[in-house]
Amino acid sequence: PLGLCWALGAAAAAAAAPNILLLLMDDMGWGDLGAFGEPSRETPNLDQMAAEGMLFLDFYTANPLCSPSRAALLTGRLPVRNGFYTTNAHARNAYTPQDVVGGIPDSELLLPELLKKAGYVNKIIGKWHLGHRPQFHPLRHGFDEWFGSPNCHFGPYDNKEHPNIPLYRDWEMIGRYYEDFKIDLKTGEANLTQIYLQEALDFITKQQDSEQPFFLYWAIDATHAPVYASKQFLGTSQRGLYGDAVREIDDSIGKILRHLEQLGISENTFVFFTSDNGAALISAPTQGGSNGPFLCGKETTFEGGMREPAIAWWPGHIPAGGVTHQLGNVMDLFSTSLSLAGLQPPGDRQIDGLDLSPVLLQGKLIDRPIFYYRGNELMAVRAGPYKAHYWTWSNSWEEYGKGIDFCPGQSVPGVTTHTQEEHTHLPLLFHLGRDPGEKFPLSFASEEYQRAVERISGIVQQHRDTLVPGQPQLNVCDKAVMNWSPPGCQKLGKCLKAPESDPQKCSWPH
């Protein structure tokens, strides 16, 4: 019968589909790994992962901030398409503190929702960051399990007007940062990375026993200020507390990869390591990482804000010791994961991510541009080795005057501007091969400039002609949202009681 054939075909596809493990770091910079040249070489496990897999030297995020880049990874779409941007003040960045009322729209199709069609069981461990009102819960958007938080580990707060940020196991809130999950801001001690590690090991073991393919999204945040590490790693790095956090993450990833090998499933598990944006130089030197030779850091569209460390690992499939200059993007993880699972990307919307499997498995190169967005503004575009800046801006004079600096010690006149400078008619052009630090703009009069800008201008025009922006999710802040009661819920002191028709409707507190 046709139904039986389809069922057998689906089962065979599920059996052939590899497990997918995405390791997403938080504010970790391109220069933080020994494999990328960090002098202290304190990441032996990640360096070994690179030696056994493929190193991406030109891999980018879709936005220089945590929240939009995560939305881009899980949807395969630029934040300006999926709604994770703001139009508040030209070229402002966007993020989700507790009082932002937006989140991932129901109209977006997330990677775990699509992987379910191939029989995957999906878990997120760590930071969600795509909205914290009930309709944005990760278990409403394709994940089967969650251990982590809707937001970063900011705090502590007063727990009256501003409650401490909660952590969840699936639908249930199991505690809050600084209360049930301690973070010592004086010493930097916290056991969270060890907890996240054990969650990963247990999930992998359970899925191996069930013989179902899994998607594990390990989105930990120890390298986001306030930086933390567990007791056995404190004081062990030449790089201070930030280095302690990196060493613990490196050790944890080593344990995860060895666990895959011990279970005999490493050759059936595609693993990709990267970061959500560049190192937060505003938190340097004690709480921030390194962006290597690149200009500025998190929150900017210079290379330091958006070029990320990236390693692909899949023994028996990805040749060991590979190094590629393929221009990659976190959005590609969406398309590549679907391809490996035997699925097609949705055909009813623009998908910005590419399927990188020909790069990974056959060493091919795919010609494609990189778009650097800040808020709703296209700030820069890279094509080949050339990068054209249509706008430059680090941060405002007002913020700079208060000591907020996204480019400490890296001022480049006319480039790292504190006013929003438009270069639409004469873009600032850099050759990133010769000048990775974006210090020497090419002469407007040169033939090289004319050729490169002409090519990039065509790419920009085509992009703008087909761009349909999503509804901006991050424009509206409402401090009352922390005590907001969803429609139909009864407020009972500090607890929210859900209507019987939907017991999960009020399950996450505000």
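Quick reminder: no glycine exception, Cβ is built from N, Cα and C everywhere.
As written in TrEMBL, here are the features:
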- 1-16: signal peptide (SIGNAL)
- Asp26, Asp27, Cys66, Asp276, Asn277: Ca(2+) binding site (BINDING)
- Cys66: active site, nucleophile (ACT_SITE)
- Asn191: N-linked glycosylation site (CARBOHYD)
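Other residues of the chain with a Cβ within 8 Å of the Cβ centroid of Asp26, Asp27, Cys66, Asp276, Asn277, the Ca(2+) site, are Met25, Met28, Leu65, Ser69, Asp221, His224, Ser275, Ala280, Lys298.
Here the CA atom of Asn191 (N-linked glycosylation site) lies 19 Å from the CA atom of Asp27 (Ca(2+) binding site). Cβ environment of Asp26 (Ca(2+) binding site): Cys66, Lys127, Cys152, Ala219, Ile220, Asp221, Ala222, Thr223, His224, Ser275, Asp276 lie under 8 Å away, each six or more residues apart in the same chain. Around Asn277 (Ca(2+) binding site), the same-chain residues six or more apart in sequence whose CB sits under 8 Å from its CB are Asp27, Thr61, Asn63, Pro64, Leu65, Cys66, Ser69, Lys298, Glu299, Gly305, Met306, Glu308, listed in sequence order.
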